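Feature annotations, reproduced from TrEMBL:
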- 120-144: domain 'Siroheme synthase central' (DOMAIN)
- S128: phosphoserine (MOD_RES)
- 151-205: domain 'Sirohaem synthase dimerisation' (DOMAIN)
- 216-464: region 'Uroporphyrinogen-III C-methyltransferase' (REGION)
- 218-427: domain 'Tetrapyrrole methylase' (DOMAIN)
- D248: active site, proton acceptor (ACT_SITE)
Amino acid sequence: MDFLPLFHKLKDRLVLVVGGGEVALRKARLLSDAGARLRVVTPEVRDELRQMVEQGAGELHLRGYETRDLQGVCLVIAATDDEPLNAQISEDCKGLGIPVNVVDAPALCSVIFPAIVDRSPLIVAVTSGGDAPVLARLIRAKIETWIPATYGQLAGLAKKFRAQVKSLFPDVQQRRVFWEDVFQGQIAESVFAGKLAEGERLLQDKVNGAAPRALGEVYLVGAGPGDPDLLTFRALRLMQQADVVLYDRLVAPAIIELCRRDAERLYVGKRRAEHAVPQEEINRLLVKLAKEGKRVLRLKGGDPFIFGRGGEEIEELAAEGIPFQVVPGITAASGCAAYAGIPLTHRDHAQSVRFVAGHRKDGSFDLNWADLVSPSQTLVFYMGLTGLTDICQQLIAHGRAASTPAALIQQGTTQQQRVYSGNLSNLAELVAEHEVHAPTLVIVGEVVSLREKLAWFEGAQASV
Ligand code: SAH
């Protein structure tokens, strides 16, 4: 190990920064975030750096470096573009035993800056010892995605209870189990979901030894349109925690695979017209499982609040007082449009976009067609395959031009994606000539013509 990571307490301590440019500014910013008082020595200074020094009650000396600048400082940053000067500062510091960092010159440094993930008070530092800073930054980026942004709040909450828990469990082992439970369970999830007060109440209950709550909780999670890469971080985390997963047909197998291995998986899918498990039964099942104390993941295609009956499912939970949270997903309209190269709005072509349920109820559409034919509006029909001929005819009959571009996207965002494009007068015919696989989405509007220029994603099948 070439460098031992130590975390430096700089609050109210004096740090010398030599240099007044961009690099000096970046380091100064970090130092002042850590509460250091800055002594900046530079013949010329940027306004921002000057303000930073003033705000932090530091010192600014508009001149060249002198050895006396080292008096009373606990750390030195040499950030000038004058190499001999940087080398001299490094020498001076080493002679006096003051830690020194020379920007971009690892050989001259006694301390180096790591790449930082800041979830204060939780801080992760990564370094390559100066050999490959880009690699360290890439690793940092990965870590950023693993650690929820609100982790710091969780640590803050733990701090509040630390002393209490310590006296409650003098045994280290017991204490460890206690905290593991806090950081991986319902308390942590409450904090991540922005319910800090609830998290604190639950932790207080736990400390008070209140009986663990018999209630589990439900995560209503949008799984996006198909490509597993389009899951949100939160969706993935909850998928890996849940005890039971209820999913339907729209959720791709590759996504189900990402759920915790030993979680129970219940298929409650529906096919058009034949409801595998009636909605009321799903609602009841969610309540029942949560009441058994389970963490229940209700995984839905796309976004749970867009044609997903998500609202109905959580209404029942709310009525029963069962804790739940809703995680948005990328809805089919966004996913399919992006992967088909069709911007849903465009300054020249469409000022608004409508998401429309394109299925018939009792054989007819429950739609106000006159409202849908404005030329500067993009229409996205979900569930529109069987009614496609009618949809196109009705739009034309109510005044939308027959030449309006229109596309049907099959299994959007997946390797099976295929796009059929034409216009309102010929799309249905074109689709009828091919074997089309659900799910499909229909987009109508001038924006569809942009696909010619903007298509970028190729599924395994050529588009038509
Ligand atoms: N909640 C979902 C929509 C559920 S309704 C969402 O936000 O996306 C089901 C309809 O969504 C399907 O009939 C189809 O029109 C559309 N759909 C969902 N995923 C799709 C995909 N990958 N490609 C094309 N259409 C899709």
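Each residue, glycine too, has its Cβ placed from N, Cα and C.
What TrEMBL says about a protein is an automatic prediction, not a curated fact.
Note that the coordinates shown come from a computational prediction; the quantities given were computed from them, not determined experimentally.
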Cβ packing number for D248 (active site, proton acceptor), 10 Å threshold | 20
Residues that sit under 8 angstroms from the residue listed as 'phosphoserine' by C-beta distance, when 6+ apart in the chain = L135, A136
Would you mind listing the long-range same-chain contacts of the domain 'Siroheme synthase central' (120-144), meaning Cβ under 8 Å and 6+ residues beyond its ends?
-> 2-3, 5, 7, 106, 109, 112, 114, 151-152, 155-156, 159
Counting each residue once, how many in the domain 'Sirohaem synthase dimerisation' (151-205) are helix, strand and coil under DSSP?
-> 48 helix, 0 strand, 7 coil
